[in-house]
Amino acid sequence: MAMRRATGAMIRACAASSSSSAGYFARHFHASSGDTKKIVGVFYKANEYASKNPNFLGCVENALGIRDWLESQGHQYIVTDDKEGPDCELEKHIPDLHVLISTPFHPAYVTAERIKKAKNLQLLLTAGIGSDHIDLQAAAAAGLTVAEVTGSNVVSVAEDELMRILILMRNFVPGYNQVVNGEWNVAGIAYRAYDLEGKTIGTVGAGRIGKLLLQRLKPFGCNLLYHDRLQMEPGLEKEIGAKYVENLNEMLPKCDVVVVNTPLTEKTRGMFNKELIGKMKKGVLIVNNARGAIMERQAVVEAVESGHIGGYSGDVWDPQPAPKDHPWRYMPNQAMTPHISGTTIDAQLRYAAGTKDMLERYFKGEDFPAQNYIVKDGELAPQYR
């Protein structure tokens, strides 16, 4: 493994080797002292909102707040929101960039084809959490390092999930629409509005976000269930008051609300299909801030339209940005938004700082915090295997 990520003297030796060699051993992770690197960032455009808050760092205009720092060290930093198609701005820089930074909110889809073209690419950073916009198997095979700012927006997402549960439970959106449209029809809201207390809430996935959500739900007096590949420590499980259910098919029929908190992998892609949704309680409420592709798109539409799903809310789509004709935009009883849950101003400050920290370590030839690695030394993190 030492050959795969050379540091110190080994980097200087490797620098003399042919840059045209392909495959795993062609990618040397750490930057040599004094090296000039080409770094490309892909973020959403803020336009007139960019100047409204000095801490609004996660947009093209403010570029994570690291432009002056990078350029003062002689690095080239290019930022764009143009990421799709053969003629996009990102595509122009693929052949000679060294580092690509993207976010889950406006993801640069890093395909095997793009990785093959990116002869100088060493490092893929996600400013936020969730690196499924990258072909991780192809990245591992090419000897690339993939890392994200683990923990940077877990509070933001967990809070957003709690909000969405309440929005669906209390039938909030129709009430808001009545006010905007100059209407007043209490019955049109109240006939399907419920208390959260006493309801059974199940989270599919109980990692950092899932645990935080369960902790925040505890004061509401709910019956809390969770399904995950790993069971919590008994002390934490008791403190939260949640019960582990090893068999997902056993948990789902019990839930009034199902929250999706599992990463997108080949195993979870399309996981919530017609068959699995059919096992849920009629009228179930679903919150999905994980990834849109975990749901089978048309199965969700049909279940919402039939009433089997009583309400659906989330901020994740497939693809992103969602096209104007995406059917989830037009489903009844939905409370969808663009991908916003993890890009609060507080989260932006955290993931901007985390990205800068990893770049500093990269330039110095130092390792990242272990929990940040998604692909390292040709191996994927456990949650993506």
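Going from the start of the chain as shown, residues are counted 1 onward.
Even glycines carry a Cβ here, placed using N, Cα and C.
Nobody curates TrEMBL annotations by hand; they come from automatic prediction.
Feature list (source: TrEMBL):
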DOMAIN    70-367  domain 'D-isomer specific 2-hydroxyacid dehydrogenase catalytic'
BINDING   Ile129, Asn153  substrate binding site
DOMAIN    163-341  domain 'D-isomer specific 2-hydroxyacid dehydrogenase NAD-binding'
BINDING   Arg208, Ile209, Asp228, Pro263, Leu264, Thr265, Glu266, Lys267, Asn289, Asp315, His339, Ile340, Ser341, Gly342  NAD(+) binding site
SITE      Arg291  site 'Important for catalytic activity'
SITE      His339  site 'Important for catalytic activity'
> If you measure C-alpha to C-alpha, which of Ile129, Asn153, Arg208, Asp228, Glu266, Ser341 (binding-site residues) come within 10 angstroms of Arg291 (site 'Important for catalytic activity')?
Replying inline: none
>> What are the sequence-distant neighbours of Glu266 (NAD(+) binding site), meaning same chain, six or more residues apart, C-beta distance under 8 angstroms?
In response: none
>> Counting other Cβ atoms within 10 Å of each residue's Cβ, which of the recorded positions Arg208, Arg291, His339 comes out lowest?
In response: Arg208
> At the level of the C-alpha atoms, what whole-angstrom distance separates Asn153 (substrate binding site) and His339 (NAD(+) binding site)?
Replying inline: 13
> Got a sec? Which of these binding-site residues, Asn153, Asn289, Ser341, has the most Cβ atoms within 10 Å?
Replying inline: Asn153
>> Limited to the domain 'D-isomer specific 2-hydroxyacid dehydrogenase NAD-binding' (163-341), I'd like the whole-number average of pLDDT.
In response: 97
>> Using Cβ atoms only, which residues of the same chain lie under 8 Å from Leu264 (NAD(+) binding site) while being at least 6 residues apart in sequence?
In response: Gly130, Asp132, Ala290, Arg291, Ala293, Ile294
> Who sits close to Asp228 (NAD(+) binding site): which same-chain residues at least 6 apart have their Cβ under 8 Å from its Cβ?
Replying inline: Gly205, Ala206, Gly207, Gly210, Tyr244
